[in-house]
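The annotation transit peptide is assigned in Swiss-Prot to 1-41 on the grounds of similarity to another entry. The feature motif 'SIFI-degron' is assigned by Swiss-Prot to 2-17. Marked as N6-acetyllysine by Swiss-Prot: Lys87, Lys113. Taken from Swiss-Prot, the feature phosphothreonine covers Thr141, and the record attributes it to similarity to another entry.
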Amino acid sequence: MLGAALRRCAVAATARAGPRGLLHSAPTPGPAAAIQSVRCYSHGSSETDEEFDARWVTYFNKPDIDAWELRKGINTLVTYDLVPEPKIIDAALRACRRLNDFASTVRILEAVKDKAGPHKEIYPYVIQELRPTLNELGISTPEELGLDKV
């Protein structure tokens, strides 16, 4: 969609160019051009927070998720400018446990701590919310493993 819009813009610029590539003054665009430019930049509907959370919980709860899909999901989730909700992290930790991938559980918890950044109250809150899951699955936090001192 974006490629087509760029092609239309390039064709329009070429059509206005003179013999030596200099742009001639073009007539003032009418209202149809304004509507067209608005359409060129629309990107569809945005996702609500609840839909975002549900999408990621569903992704990590897939019974047939493999190690590659798990890592891909974690990598994608970490690239967003947010700290994932505890229910998303819970689903990811359970997927790690189904795959017996302890290293990914530690990586997820370290990523959450890193994403919290200077807001020191976020990481303890997430760990508090995840404590029943961590105990159930037998997962230690990076602090309990001594990895925060390295």
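Heads up, the Cβ atoms here are built off N, Cα and C, so glycines get one too.
Note: the Cα of the residue listed as 'phosphothreonine' and the Cα of Lys87 (N6-acetyllysine) are spaced 17 Å from each other. When the neighbouring Cβ atoms lying within 10 Å are counted for each of the modified residues (Lys87, Lys113), the highest count belongs to Lys113. Summarised as a single figure, the pLDDT of the motif 'SIFI-degron' (2-17) averages 50. There are 18 other CB atoms within 10 A of the CB of Thr141 (phosphothreonine), with all protein chains counted. For the pair Lys113 (N6-acetyllysine) and Lys87 (N6-acetyllysine), the C-alpha distance works out to 16 angstrom.
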